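Working notes for the structure below.
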Amino acid sequence: MIPGVTVDPALTDALLATIPADIVASMSPQMREVMAVQATRADACRRAGEAFAAAPGDLSPAARSLAAKRAEYRTERTLWNEGGPTMARTDDHHIRAAGVDVPIRIHRPTAEAVLPGLVFLHGGGFSLGDLDTHDRIMRVLAAAGGFAVIGVDYSLSPEVKFPQALHECAGVVDHLLGHGEDFDIDGTRLAISGDSAGAVLTLGAGLLLRDEPETIGASPASFSALRALLPIYGSHGLIDSASRRLYGGDWDGMGIHDLSNLLDDYLPTPEDEHSPFVAHLTADLSGLPPVFVAAAGLDPLRDDSRALARTLQRAGNDVRFEEYPDVLHSFLHFGRILDDTTTVLHNAAAFAAHHLN
């Protein structure tokens with residue numbers, strides 16, 4: 001358990017009672033510890049979100065509700081981002097991409113003059129998250145891999161629709177190829193990684209830079225700068241699957257209808273759901289850089305990751321697939337308790353470092 005954090009057994013039992021018993025029984029003891037912390041903090045996080053959204057301002061009810069969800073998510077992630085590796089240097093910048101100034105954060109684990117870079121795209125259902133909510137994840141990757149990690153604070157839905165966020169992420173990669181020296185990054189040695197929605201953007205950005213770089217004015221050489229792709233528990237084009245039916249629900253906002261609503265908010269038209277930059281399993285997946293795919297065993301998106309790994313292998317790619325059987329979606333955040341979090345981040349970092357170097 002996290003030092004200084006006291007959990008409430010009654011709140012924990014109440015939360016676990018909303019989850020199917022077979023899922024609870026399948027969780028590792030550490031995963032249940034995480035759930036106890038989440039249950040104990042849930043009301044305080046929710047109140048923080050509501051207080052933020054109640055601030056004076058001319059906002060519609062829908063906008064206030066969204067602001068509350070984002071503030072609640074930031075508050076919930078604060079505890080999990082405490083501690084972790086200390087960086088030699090961390091800098092915030094902006095990069096012009098897809099017509100906007102995109103905020104980025106660069107974590108450098110060493111004082112070495114020039115480092116290869118891993119571009120990290122945060123999760124949050126395309127509508128939540130920022131550079132702070134995933135900061136510890138990025139620092140762990142940087143420290144374990146010895147490369148710079150460049151976090152991208154892309155535009156969120158529903159205010160901004162596909163493909164804007166994708167174009168921003170791919171545009172950051174292209175900018176680093178041409179101007180990496182401005183940030184002491186070797187722009188010819190890059191990787192992309194992301195969790196959940198960030199995994200969708202990871203594969204999408206790689207495919208966009210390979211197939212349609214001209215749509216964002218990118219150099220055709222940007223794709224050749226990519227040495228690895230690392231999508232972690234993403235959605236890759238399955239509409240229905242065993243894991244989508246067995247896992248997720250009202251208790252975690254990952255039920256079938258929740259996942260559908262997230263895509264509806266992200267995509268401007270129903271037809272975009274079939275875009276190869278969203279439904280990666282429909283794309284030509286041959287000729288990609290080495291790919292590290294990780295899945296959570298109790299995640300509704302588990303089968304997406306399994307199918308992606310198999311399809312990538314069938315297309316002739318160098319693929320490493322890891323599945324962590326007794327944890328839930330979003331387990332990448334819970335490194336203060338979960339050993340599986342440390343393991344997958346260190347394995348991903350080693351995979352990226354091997355191909356970047």
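Here the Cβ of each residue, glycine as well, is placed from N, Cα and C on the backbone.
TrEMBL entries are annotated by machine, without manual review.
Keep in mind the model is a prediction, meaning the values are calculated, not measured.
Features reported for this protein in TrEMBL:
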ACT_SITE  Ser196  active site
DOMAIN    118-332  domain 'Alpha/beta hydrolase fold-3'
Completion exercise
Quick note, the residue listed as 'active site': same-chain residues at least 6 apart with CB under 8 Å of its CB -> Gly123, Gly124, Gly125, Ile232, Tyr233, Gly234, Ser235, Leu301, His329, Ser330
Practice task
Please report the DSSP secondary structure of the residue listed as 'active site', reduced to three states.
Solution key: coil
